Amino acid sequence: MEFFNILQSACNDVNLDFNDKKYNQLISYKNLIQEWNKKINLTAIVEDDEIIKKHFIDCIKIFKSSPIGEAKSLIDIGTGAGFPGIPIKILKEDIEITLLDSLQKRINFLNIVIGELQLKNIQCLHGRAEDYAQEIQHRQKYDIAVSRAVANLAVLSEFCIPFVEKGGYFIAMKGPSVEEEITAATKSIEILGGKIEDIMKIDIEDTDLKHNLVIIKKLRETGKRYPRKPGIIKKNPLK
């Protein structure tokens, strides 16, 4: 009951319904993470309490951003163990989710999670964001692109903004010190057709975690040359 109450309280804070079905799905997901983490490197966070707070509640906090609540489709880029895409799907069943990751072992794990939790309207893609963002079925097709991946904001923006339709949003889940990244990325975001609309500070109760949600609105279509070829983006971020 302790974990149920913690998760329910976090959902209440962002006006999300929470029930036994969602709780059981999250606990099953936690158990699968712990089981599979013995075989492949999914996360350094493995204790029950830490998974609940540092992964699940961190993902719940993204619903503080109103675009998530209104979205019909979302792509999670560099999803890793499925964060934040899987928790978003569990908590908002009507959204269509695409999970993108470059490592096949993680995709195999995510497909197991999807099957075990009986999640619908969710797919996994194995490959590079740079490649999929040039494909017609994915380019500028999503209401929301989100990423919790570890990369600077200029790099993440070039990976993610091309997936977002005009009028949609890219939401970057960043750490506590984001000011320098924002300053360095502002021009690249503009080049890609976006503009920073909001920066939301996130505190995770009973932990030392402090995060920021950087909310970027897509104002114009992204030029055809972006994203650039694999390898170039990290070596030469847009300025």
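Cβ from N, Cα, C; glycine included.
In Swiss-Prot, the S-adenosyl-L-methionine site is described by G78, F83, A129, E130, and among R139, R148 the residue recorded at this site is R148.
Of the listed binding-site residues, namely G78, A129, E130, the sparsest CB environment within 10 A is found at E130.
Within the set G78, F83, A129, E130, R148 that the record links to S-adenosyl-L-methionine, no two Cα atoms are more than 20 Å apart, and one pair reaches that distance.
Take the binding-site residues F83, R148: by the count of other Cβ atoms within 10 Å of each Cβ, the lowest one is R148. In the three-state DSSP scheme, G78 (S-adenosyl-L-methionine binding site) falls into the coil class.
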